[in-house]
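> Here it is: the structure, laid out below.
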Amino acid sequence: MKSIIFITFFIFFLKKLNGLPNGYGVGLVDPNGQCMNYIGDSIDQPLCKNKLSNNGEFIYSTIGNSLNSQTLSQQTIAKSFEALTFIQNQCQDLLFAEYGICNIYLSPCIITTVAPLKNISLPQRLCNSACQRMVTNCPRLGEKIDCSISFLFPEVGTLYNLSDYGYKANGGLYEVPCFNPTADYDNSSSLNEFIEICPSPLLLKNSSDPKYSKRGYTYLPPTNCVLPCPVPNYTKEKWNQIENLSKVLSTISFVCSIYNILSFGILKKKKTKYTICISALSASVALINLGDIIKIGVGYEKVLCPEPGRFATQVDDPLCGLTAALFHVGICSTVLWTTTMAIYLYSAIKNIKLFKFRYFIIFNTGFSLTSLIIAASASKFEAGTGSIECWIRDRWYSICLFWLPCGICLLIGTICIASVIVEIYKVSKNIKLSESETIMRQIKPIISVILVSGSFTYLFIIFFDIERNFGGYRSAVTDYVLCLLNSTDNGIECHTSGPSYNPYFMFYFFMRFFGILFFLIYGTSKNARDSWYELFIKIKVSLSETSSTISNNSGGGSSQQKQQQQNEIKLEKI
């Protein structure tokens with residue numbers, strides 16, 4: 001049916017083209033067209049109220065399949081406003097552009113009587129001068145709006161062939177003058193303001209309002225649109241995988257860390273430098289995991305994304321600050337105690353006497369707490385745009401307070417471990433490693449330091465790779481916005497550019513595997529088993545002593561009873 005109408009219109013257009021007056025376009029008559037009142041803007045999304053001629057009393061509409069064409073027009077207008085929102089810094093006279101767009105898709109309507117009891121509703125097209133004003137002040141609109149199409153944007157008016165409906169004057173051509181919204185714009189522009197619309201899932205938040213500015217929203221200039229939280233670097237399913245990984249590993253790792261703390265820090269009577277290092281490392285990892293356990297209890301999204309589109313900050317969200325503090329102290333201490341263990345391994349192999357161990361304790365604790373105080377006092381803890389934890393998100397603060405100093409520590413630890421390996425290689429040339437008690441005692445610490453140092457080296461590589469490509473990730477947001485503007489499924493298939501998923505997944509895996517790693521290396525050792533064995537022996541002895549005391553007391557009481565009974569018998573005999 002549509003093809004027949006188009007062919008008829010095209011033949012008519014060719015017939016009339018030579019005799020068509022200048023400044024006129026040719027319009028197509030739709031028998032289903034009606035002049036109707038504007039259905040109105042939705043409650044939550046203003047569009048064209050106060051921007052239509054006659055206050056929207058006569059809008060050209062068609063009714064088909066129980067759907068008012070105005071509804072479809074509103075959807076098209078909303079998409080146009082979305083595009084206009086993101087090119088607003090390239091345009092002037094933005095409000096007039098929105099007036100024009102409203103009157104293009106919600107055209108004024110004229111009713112004409114062509115025969116007794118026969119009325120025809122015809123659209124009044126936007127004048128070419130108004131169209132030219134729109135694209136001149138906003139050239140990017142010219143990519144979507146072609147003002148040279150005369151039947152959409154006539155200079156004077158539109159001619160409709162109503163001869164089939166009984167109209168005979170002017171050869172059956174009925175003239176409808178074009179509509180210029182300039183007068184309406186001049187009279188009512190003070191009642192309106194430029195309407196920004198953000199394509200889903202972006203949200204609109206006024207950046208000039210203190211309620212929203214600098215509270216964890218990530219704005220997309222030049223708009224007031226903010227990225228969703230969490231940022232859509234990956235699909236929802238992949239984010240769930242990372243979250244589930246964190247939940248499972250953090251819980252297991254926390255339990256393993258507590259076990260090591262009890263085994264080497266509390267139950268162990270005779271504490272050595274290595275048992276202190278193991279306890280300190282396990283406590284550090286437990287702090288990291290404790291932050292995750294808090295998020296599991298409260299809910300990851302409630303902690304990291306307390307409001308739609310807003311990432312948590314320590315100023316407005318105390319739980320974010322708490323989990324960030326636990327994570328920061330934990331991860332700093334893990335690096336420092338790993339380095340401490342590497343230094344002591346090297347000193348043990350080389351028989352070098354170091355300064356007193358308490359200085360390591362003071363430095364490691366002091367640095368972790370000092371860097372925490374600096375970051376917290378500057379309010380630098382917040383949830384990241386692509387992270388499942390709160391931490392330092394300011395680039396220079398994170399580099400100065402963690403990556404640089406801890407990188408130096410890891411370098412020192414790596415040098416120490418490399419030296420230890422070289423020393424072991426030298427020893428292995430002369431004797432079997434199994435015959436060297438000193439080296440055999442250091443095997444497990446060496447393995448743990450190598451694995452932890454290797455894991456942190458991987459984290460460093462990932463971090464600086466993200467930093468190196470950060471500019472590319474930011475510039476790729478343009479492609480993400482274009483995808484949203486052209487999307488028909490609310491942007492479900494659109495994703496921002498970020499780190500590759502697999503390396504990012506492993507990034508979180510390593511940070512939450514340390515507790516399990518230390519348990520496998522130390523928690524299953526004879527030293528750990530002996531600590532618990534001694535505890536069980538103490539409990540058993542204590543229970544035995546208690547039972548014996550109760551038994552003795554019970555025995556003594558029965559003897560007295562027997563003696564009393566015997567005395568009573570003697571009295572009876574007397």
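Just so it is clear, glycine is given a Cβ too, placed from its N, Cα and C backbone atoms.
As the structure is a computational prediction, the values presented were derived from the model and not from experiment.
Pulled from Swiss-Prot, these are the listed features:
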- 550-568: compositional bias 'Low complexity' (COMPBIAS)
- C35-C109: disulfide bond (DISULFID)
- C48-C102: disulfide bond (DISULFID)
- C91-C138: disulfide bond (DISULFID)
- C127-C178: disulfide bond (DISULFID)
- 30-181: domain 'FZ' (DOMAIN)
- N119: N-linked glycosylation site (CARBOHYD)
- N161: N-linked glycosylation site (CARBOHYD)
- N187: N-linked glycosylation site (CARBOHYD)
- N206: N-linked glycosylation site (CARBOHYD)
- N233: N-linked glycosylation site (CARBOHYD)
- N244: N-linked glycosylation site (CARBOHYD)
- N486: N-linked glycosylation site (CARBOHYD)
- 550-574: region 'Disordered' (REGION)
- 1-19: signal peptide (SIGNAL)
- 20-246: topological domain 'Extracellular' (TOPO_DOM)
- 268-273: topological domain 'Cytoplasmic' (TOPO_DOM)
- 295-324: topological domain 'Extracellular' (TOPO_DOM)
- 346-358: topological domain 'Cytoplasmic' (TOPO_DOM)
- 380-401: topological domain 'Extracellular' (TOPO_DOM)
- 423-445: topological domain 'Cytoplasmic' (TOPO_DOM)
- 467-502: topological domain 'Extracellular' (TOPO_DOM)
- 524-574: topological domain 'Cytoplasmic' (TOPO_DOM)
- 247-267: transmembrane segment (TRANSMEM)
- 274-294: transmembrane segment (TRANSMEM)
- 325-345: transmembrane segment (TRANSMEM)
- 359-379: transmembrane segment (TRANSMEM)
- 402-422: transmembrane segment (TRANSMEM)
- 446-466: transmembrane segment (TRANSMEM)
- 503-523: transmembrane segment (TRANSMEM)
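Surface or core, plus neighbours and distances: that's what I need for these features.
Secondary structure at C35 (disulfide bond), taken from DSSP and collapsed to helix, strand or coil, is strand.
Its Cβ taken as reference, C102 (disulfide bond) is surrounded by 27 other Cβ atoms within 10 Å in the chains shown.
According to its DSSP assignment, C91 (disulfide bond) is coil.
Spatially close to C178 (disulfide bond) yet at least six residues away along the chain are Q124, R125, L126, C127, N128, F153, P154, E155, V156, G157, T158, judged by Cβ distances under 8 angstroms.
N119 (N-linked glycosylation site) is surrounded by 12 other CB atoms, counting those within 10 A of its CB over all protein chains shown.
In the three-state DSSP scheme, N161 (N-linked glycosylation site) falls into the strand class.
Close to N187 (N-linked glycosylation site) in the fold, though at least 6 residues off in sequence, lies no residue with a CB less than 8 Å from its CB.
According to DSSP, N206 (N-linked glycosylation site) sits in a coil region rather than a helix or strand. Over all protein chains present, the Cβ of N206 (N-linked glycosylation site) has 11 other Cβ atoms lying within 10 Å.
A C-beta separation below 8 Å, combined with a sequence spacing of at least six in one chain, links N233 (N-linked glycosylation site) to G386, H495, T496, S497, G498, P499.
A simple way to gauge crowding: the CB of N244 (N-linked glycosylation site) has 10 other CB atoms within 10 angstroms, across all the protein chains here. Look at N244 (N-linked glycosylation site): DSSP puts it in a helix.
The Cβ of N486 (N-linked glycosylation site) has 12 neighbouring Cβ atoms from other residues within 10 Å, across all protein chains displayed. In the three-state DSSP scheme, N486 (N-linked glycosylation site) is classed as coil.
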> Out of C48, C91, C109, the disulfide-bonded residues in the record, which is closest to N119 (N-linked glycosylation site) when you go by Cα distance?
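Given the candidates C48, C91, C109, the nearest one is C109.
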> In terms of Cβ proximity under 8 Å, which residues at least six beyond the ends of the transmembrane segment (247-267) contact it?
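Here the qualifying positions are 275-276, 278-279, 282-283, 285-286, 288-290, 292-293, 296, 509, 512-516, 518-519, 522-523, 527-528, 531-532, 534-535.
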> Considering only Cβ pairs within less than 8 angstroms, which of the stretches 274-294, 325-345, 359-379, 402-422 has the most against the transmembrane segment (446-466)?
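By Cβ pairs under 8 Å, 402-422 leads among 274-294, 325-345, 359-379, 402-422.
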> By a Cβ-Cβ criterion of under 8 Å, what residues six or more beyond either terminus of the transmembrane segment (359-379) are in contact with it?
276, 280, 313-315, 321, 325, 328-329, 332-333, 336-337, 340, 392, 394, 397, 401-402, 405
> Same chain only, please: residues at least 6 beyond the ends of the topological domain 'Extracellular' (295-324) with a C-beta under 8 Å from a C-beta of the stretch. Say none if there are none.
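Result: 202-203, 205, 215-218, 226-230, 243, 246-247, 250-251, 376, 379-385, 387-392.
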> Round to a whole number and give the Cα-to-Cα distance in Å for the pair C109 (disulfide bond) and N486 (N-linked glycosylation site).
30
> Looking at the recorded positions listed here (C48, N161, N206), whose Cα lies nearest to that of N244 (N-linked glycosylation site)?
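Given the candidates C48, N161, N206, the nearest one is N206.
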